[in-house]
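S.K.: Below is the structure I would like to discuss, written out as structure tokens.
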């Protein structure tokens, strides 16, 4: 295995505009569902201080992907650069990967009877371009990590409260955590 | 309770019942008594029906054959292989039974049973997933085998009353006692399972809340455990049961296991719930 691509999600910069989600949708699908990239609002109860921030997540192109292991038709593969690809043509729509992925990345498309997920815009990557979501973020809250092994760690964390256990699949994502005590407004109960 | 997964509910329960029935009739007919072709038609038919029903779960059932191509790491591939093999062995058993080759009948029936028992293990291992805390424990394997060993004897007992002869070794008192003990084990293991989940993470606790809040759970307790327990005890005391009693026992156990399996699929809260 060579390098491992990944995402850096800066929760300090993210303003929850959903621009990354829309850019992904514009690039690949017209339907409302599924949503390959999703912006989650952090649950206030997950943090020890009042805060309102967001976490933009898609497939984490894990080092040890559960989807790849459980798929009965071998529709998943991992490229040399770490991107986990899903072969749409091979999928039979058994949905086992949707159950096995801790992050809900593979999603079932009812209309097509198949699962689909973020492919990290591998065609763009191969052309030396940025993924659609990264290019679209207006505040630079989403970045592509070119090689996770040489990515500088200070100031970033591997998980945030509410994020599923990272030891299961070793997701290729890093976060800039929110700073303590900046309250924008409280969530409605 | 959003994903009841009915095709999977019927597939897993019926395939387990077929293997449980095999576990009863293979040793009972080892001596060479009975019409073997007739005996093995029932589990073969049940397994075939279960596999056809399972196709309804797929988005593209026409490509289901591809599920055999990832045996190296996918338990689902292994399940398809093992149940497919069990079915083929049963068909072969029926064919050699018609040719009156008793030795081959015994060999292929035992192989079918072994393959079926491994198939249940593969079925259970599909769901032992860290992403679903409610499934990621030994209870999944135990529950799947308990379904087989409850429904198989109940079906055998009913068949013995309905059409005496095929499974001559099925004896009412012993089967009643075995069913009662298995039901007690099922109740105790389910209570242990609930306490295990209650002491685990937030997603597991949500599963406990969903289970005990569901009227289907309580119906399963009464119709799938307590009522069959009473009937099994009656069967044990009497030594033999009427056709009506064995039919009632089979229907109650089947309904209970179907409800239990629907709850298994419908109440497993994924880890991603922590973000939603």
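Cβ atoms are placed via backbone N, Cα and C, with glycine included.
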S.K.: Identify the transmembrane segment range according to TrEMBL, selecting from B:159-177, B:178-196.
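M.R.: Within the set B:159-177, B:178-196, TrEMBL attaches transmembrane segment to B:178-196.
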S.K.: Could you tell me what the rest of the chain brings near the transmembrane segment (B:39-60), counting residues at least six beyond its ends with Cβ under 8 Å?
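M.R.: Tertiary neighbours of the transmembrane segment (B:39-60) are 5-8, 10-12, 14-15, 17-19, 21-22, 25, 29, 83-84, 86-87, 90-91, 93-94, 97, 109, 112, 116, 155, 159, 166-167.
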S.K.: Using a Cβ cut-off of under 8 Å, list the residues of the same chain at least 6 residues beyond the transmembrane segment (B:243-264) that approach it.
M.R.: 4-6, 8-10, 12-13, 17, 135, 140, 143, 147, 150-151, 154-155, 157-158, 160-162, 179, 211, 214, 216-217, 219-220, 223-225, 227-228, 231-232, 234-235
S.K.: So if I exclude everything within five residues of the ends of the transmembrane segment (B:6-27), which remaining residues of that chain have a CB under 8 angstroms from its CBs? That is, six or more out.
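M.R.: Hits for the transmembrane segment (B:6-27): 39-40, 42-44, 46-47, 49-51, 53-57, 83, 86, 90, 109-110, 112-113, 116-117, 119-120, 123, 144-145, 147-153, 155-156, 166-167, 169-170, 254, 257-258, 261-262, 265.
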